[in-house]
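As given in TrEMBL:
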- 61-449: domain 'Major facilitator superfamily (MFS) profile' (DOMAIN)
- 61-78: transmembrane segment (TRANSMEM)
- 98-116: transmembrane segment (TRANSMEM)
- 128-146: transmembrane segment (TRANSMEM)
- 158-177: transmembrane segment (TRANSMEM)
- 189-209: transmembrane segment (TRANSMEM)
- 221-243: transmembrane segment (TRANSMEM)
- 294-315: transmembrane segment (TRANSMEM)
- 327-347: transmembrane segment (TRANSMEM)
- 359-378: transmembrane segment (TRANSMEM)
- 384-406: transmembrane segment (TRANSMEM)
- 418-439: transmembrane segment (TRANSMEM)
Amino acid sequence: MDISQTNKPIINGTSTTEEIVRNSNEISIHSTTNDDRKSTQQSLQSLVDKKKLLRKIDSRLLLTLAVMYCLACLDRTSIGNARLAGLENNLGLYGNQFQISLAVFYIGYVLFQIPSNMVIKKFTPSKWIPALMVAWSVVLCCMAAVKNFGGLIATRLLLGVAEAGFVPGAFFILSMWYKRSQCAIRFSLFHSGSFLSGAFGGLLAYFITKYMDGKGGLEGWRWLFLLEGLTTFIFSLVSFFILPNFPETATFLTVQERDYWVTCLRKDDCTLNDSQHYKIDHHSLYLVVKDSKIYIVMLIGIFVTTAFHSIALYLPTVIHSMGFDPLKSQLLTVPPYFTGWCISLVITLHSDKTEERSFHLIFGGCLAIIGFFGLAMFENINLLYASTFFCTTGLSTFLPILGAWICCTFSTPHDKRAIALAMVTSFSNISGVLASMLYQTNDGPRYCK
C-alpha cells in the first residue's frame with residue numbers, strides 16, 4: 001500500500017481525516033438541532049390552544065388599539081359635529097376659516113409621523129402610544145376653551161402633532177404580532193375604530209349638544225370637546241397598564257404560549273429574532289427610500305385617503321345638505337358607518353383566507369367610486385343617502401387591505417416595515433389638507449363644481 005495515500009497532509013495542524021470527522025459531527029449536531037426545534041414546536045403546539053391564544057392576543061392588543069383609534073378619530077372629527085352645533089357662529093368664523101382650521105391639523109399630523117415611528121422602539125410601544133394619547137386628550141379639552149379663530153387654529157395644529165404617531169405606530173406593532181395571513185382582518189378590526197367613531201360619534205354628538213347646551217354657561221359643542229377629551233384621557237391612563245410591547249416580552253402569555261407564538265411568527269418571516277433589540281434609524285429610512293414600490297403605494301394612498309377624509313370630516317354636512325335638520329343629520333351618519341364596517345369585515349376575512357389582496361382592493365375601490373358618483377349625479381334624497389353607504393363600505397374595505405399588503409410587501413427587515421408604514425401614512429395624510437378644502441361653503445348644498 002502506498003504510504004502517501006494513507007498518511008493525509010496536515011492542514012493548520014489538523015489532518016484531513018480529523019477535519020472530515022469534525023465536519024460530520026457539526027452536520028450531525030446541526031441536524032439534531034433542527035430535529036430538536038421541530039420536536040419542540042410540535043410539543044408546544046400540543047400544549048397550546050391556538051384559537052384561545054389568538055383570542056387572548058386580540059383581546060389584549062387589538063381591542064385596546066381599536067378603542068384607542070376610535071377615540072382618536074372621534075377627537076379629530078368631532079369638529080364636524082361641533083360645526084352643526086354652532087361652532088362657526090360662536091367663534092365668528094367666516095369665509096373658508098372653518099376649512100382652514102380642518103386643514104391645519106394635517107400639517108403637524110404629516111410632519112411628525114415618520115419621526116414618531118423612528119423613536120417608538122426606544123421608548124417602547126406600551127409607553128409611547130399611551131403618552132401620545134394623553135397629549136391629544138389634553139389638547140382636545142383645551143379646544144373647549146377657544147374664543148376665536150386663532151385659538152382654534154393653534155389647538156388643531158397641536159392636536160395633529162399629538163395624534164401623528166398613533167396610526168403608524170399601531171400598524172407597526174400589529175404587524176409584529178400577527179402572521180401575514182392574519183393581518184387584513186386585524187387591520188379591518190382596527191379600522192373599525194374609525195368607522196364606529198363615525199357612527200357613534202354622531203349619536204354621541206346628538207345627545208351632548210341637545211342636552212348639555214347651556215349647562216354651566218357652556219355651549220353644547222364645548223361640552224362635546226370637553227367630555228370626549230376627558231374620556232380619552234381616562235382610557236390613555238388605563239392603556240399604560242394593558243398595552244403590550246413585542247411578542248418576545250409578552251407577560252400576559254404563558255411561557256409555552258409565548259414560545260410557540262414567537263416560533264410561528266419567525267417561521268412566517270413576519271418578525272426577526274429578538275425584534276425588541278433592533279434599532280430603527282436612518283439606515284432603515286434609506287432601505288425604504290431606495291425601494292421603488294413605496295412610491296406606488298404612496299400615490300395610491302393619497303387618492304384613497306382624500307376620499308376617506310372627505311367622508312370623515314363632511315358626512316354630517318353632506319347629509320344635512322340633503323334637507324335634514326342638524327340633529328337628525330347627526331343620527332343619520334350612524335347607519336352608513338355601521339353597515340360599511342360590517343361588510344368590510346366579511347371582505348377582509350375572505351382576503352385573509354384566500355391570501356389574496358389585489359382583487360379585494362379593486363373591489364373596495366369600485367364600491368367607493370360608485371358611492372361618490374351617486375352623490376355627484378343623483379337628485380333623489382333616498383338615492384343620495386344610499387350612495388353614502390357605498391362610500392363608507394368601499395373605504396372601510398380598501399384601507400385595511402392596503403395596510404396588510406404593505407406589511408407583506410415590506411415584511412423584512414421589520415425596521416424597514418416600520419418606516420414604510422409611517423411614510424405611506426404620512427404622505428397619504430397630505431390628502432387631509434386637500435379634503436378639508438373640497439367642500440367649500442359657497443358650493444353647498446350639493447357641493448358639485
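Keep in mind that glycine also has a Cβ here, set from the backbone N, Cα and C atoms.
Among 61-78, 98-116, 158-177, 158-177 has the largest number of CB pairs under 8 A with the transmembrane segment (128-146).
Contact count against the transmembrane segment (418-439) (Cβ pairs under 8 Å) is highest for 98-116, out of 98-116, 221-243, 384-406.
Highest Cβ pair count under 8 Å relative to the transmembrane segment (158-177), across stretches 61-78, 189-209, 221-243, 384-406: 61-78.
Beyond the ends of the transmembrane segment (294-315), by six or more residues, the same chain brings 73, 77, 79-80, 102, 194, 198, 288, 333, 336, 365, 368, 372, 388, 391-392, 395, 398-399, 402, 405-406, 409-410, 420, 423-425, 427-432, 434-436, 438-439, 447 to within a C-beta distance below 8 angstroms of the stretch.
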